[in-house]
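Undergrad: Dropping the structure in here first, questions after.
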Amino acid sequence: MAVLPLLLCLLPLAPASSPPQPATSSPCPRRCRCQTQSLPLSVLCPGAGLLFVPPSLDRRAAELRLADNFIAAVRRRDLANMTGLLHLSLSRNTIRHVAAGAFADLRALRALHLDGNRLTSLGEGQLRGLVNLRHLILSNNQLAALAASALDDCAETLEDLDLSYNNLEQLPWEALGRLGNVNTLGLDHNLLASVPAGAFSRLHKLARLDMTSNRLTTIPPDPLFSRLPLLARPRGSPASALVLAFGGNPLHCNCELVWLRRLAREDDLEACASPPALGGRYFWAVGEEEFVCEPPVVTHRSPPLAVPAGRPAALRCRAVGDPEPRVRWVSPQGRLLGNSSRARAFPNGTLELLVTEPGDGGIFTCIAANAAGEATAAVELTVGPPPPPQLANSTSCDPPRDGDPDALTPPSAASASAKVADTVPPTDRGVQVTEHGATAALVQWPDQRPIPGIRMYQIQYNSSADDILVYRMIPADSRSFLLTDLASGRTYDLCVLAVYEDSATGLTATRPVGCARFSTEPALRPCGAPHAPFLGGTMIIALGGVIVASVLVFIFVLLMRYKVHGGQPPGKAKTPAPVSSVCSQTNGALGPTPTAPAPEPSAPRAHTVVQLDCESWGPSHEPTGP
């Protein structure tokens with residue numbers, strides 16, 4: 001029994017079993033604050049000076065705030081395996097690029113804030129995987145393009161989409177129409193110029209639509225707007241109301257906006273920009289009867305036109321009205337014409353038949369329509385037989401019909417010389433090319449008084465060596481023009497046209513004055529003039545020779561002067577000799593001799609008598625006689 005107390009005393013000394021430890025978590029990134037003690041886990045790094053997404057993030061985090069940093073890109077691996085992340089804020093960084101699939105693992109994400117960055121476009125794969133996203137904030141970027149499939153993965157769950165303060169000129173309206181659960185749509189402060197009719201008809205839960213400060217001149221009626229009451233401010237609005245903001249747009253207050261004026265809503269600061277009678281007035285202060293439109297009126301149409309088969313033809317129709325009418329064309333067979341392989345319809349009302357066929361002739365109908373009505377005009381087109389083939393060296397061509405404004409300016413041709421030859425009259429109309437040399441020629445044409453309302457003359461010419469047709473516009477009072485940009489030794493085809501205003505249609509038309517073909521003289525090869533380097537070398541050699549000759553002459557003069565002065569330097573004068581006595585030795589009697597010491601006596605020897613004649617010399621005395 002004594003053993004039992006001993007065992008009881010030793011029991012506390014036995015190691016107790018330790019409780020289970022939680023899984024180790026990643027260390028908190030530097031300069032960040034992490035909440036990892038309780039759920040949900042949060043990583044907060046606002047204003048931490050980060051240049052990229054920290055690699056040591058806790059992948060279990062439910063909230064990640066990286067706002068107010070300097071992150072420039074979001075890479076694929078930055079947010080990998082963060083399957084539990086619910087809120088991600090990347091606001092006010094410098095993000096320019098988001099890698100495709102960068103958010104692919106964030107399938108639980110509810111809110112994504114990318115506002116205040118430098119994104120220029122949003123592609124189809126950059127938001128892939130966000131199947132539970134509800135709030136997408138993309139404001140204050142530089143977005144200019146939004147892919148049609150960019151929002152496909154979150155189209156059914158998105159409730160808040162903010163695209164304000166960007167550079168969007170167009171939107172994928174069809175993709176936006178599929179956001180059935182969206183509650184707030186911010187499109188303000190962009191560059192939107194138009195909204196298609198029915199763009200919001202399927203957004204049944206839309207409660208706020210902001211289109212402030214765009215370039216909208218009109219807002220088309222939408223079934224959504226007629227179902228819900230429109231309010232200007234969200235404060236105090238009922239749950240079933242739609243808050244619509246469209247101020248700051250250059251609204252054109254005509255009959256197209258009557259539907260909006262008839263809706264009951266609070267007074268706001270929207271204003272009319274046009275027409276001039278309503279410019280600057282508050283939208284809701286303009287009476288309903290002042291929202292008027294003007295039916296279209298056809299002002300110009302092409303005169304009856306005749307072209308040979310195989311040639312292009314352009315039919316023109318101009319109309320005015322408020323709003324600007326849309327012009328459509330109907331063929332003689334009653335078919336509505338549009339862009340095809342043989343025809344092109346332009347927004348300005350021009351219908352261009354690229355290649356005419358004999359069956360294309362008939363009455364074409366121009367229909368101009370707008371919200372106030374429509375107007376029609378008929379244009380007759382005659383398609384004749386194709387022209388006969390032209391010889392390669394022929395200088396004549398068939399003249400086009402008078403009054404055809406497009407006969408001389410076809411839209412395209414394979415050869416400029418063929419273009420001139422096929423569309424201008426023969427050379428017997430009076431156009432003359434005289435005084436043509438190697439690079440210049442004088443063009444003269446007669447007065448065209450029979451053509452009223454001439455605005456100017458047009459000269460068309462090209463050479464046989466290229467296909468470029470050159471145009472020159474000449475004042476209406478000129479009868480000649482000097483061409484100075486010609487190439488030597490080439491043949492030129494030249495035509496002169498008179499540009500005038502057709503009194504019947506008011507359109508600008510052209511009428512040929514005449515054509516001519518001439519050749520420039522070949523350039524004469526200049527005489528063998530020395531080249532500039534040769535002239536420069538010759539001048540240098542000549543100048544060096546002159547310098548050397550001058551030095552030699554100078555040295556020769558110095559040597560001559562040195563000899564003349566008896567070896568003395570030329571600058572020193574010769575010192576005159578002092579007066580002295582000069583004696584000459586002669587045979588004869590002794591004359592006076594200078595005093596000298598007596599010689600010592602010596603042995604006797606034979607003596608020879610020598611007479612010394614001494615004369616006194618001076619600097620200015622002649623020698624004296626003996």
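Residue numbers in this text run from 1 along the chain shown.
Placed from the backbone N, Cα and C atoms, the Cβ positions cover glycine too.
Per TrEMBL, the features are:
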type	residues	note
COMPBIAS	406-422	compositional bias 'Low complexity'
DOMAIN	295-382	domain 'Ig-like'
DOMAIN	425-523	domain 'Fibronectin type-III'
REGION	382-429	region 'Disordered'
REGION	568-607	region 'Disordered'
SIGNAL	1-16	signal peptide
TRANSMEM	534-559	transmembrane segment
Undergrad: Please work out the helix, strand and coil residue numbers for the domain 'Fibronectin type-III' (425-523) from the DSSP assignment.
TA: 0 helix, 50 strand, 49 coil
Undergrad: If I take every residue in the domain 'Ig-like' (295-382) and average their pLDDT values, what number comes out?
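TA: Averaged over the domain 'Ig-like' (295-382), the predicted model reaches a pLDDT of 90.
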Undergrad: On the DSSP side of things, how many residues of the domain 'Ig-like' (295-382) fall into helix, strand and coil, could you say?
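TA: In the domain 'Ig-like' (295-382), the DSSP-based counts are 3 helix, 52 strand, 33 coil.
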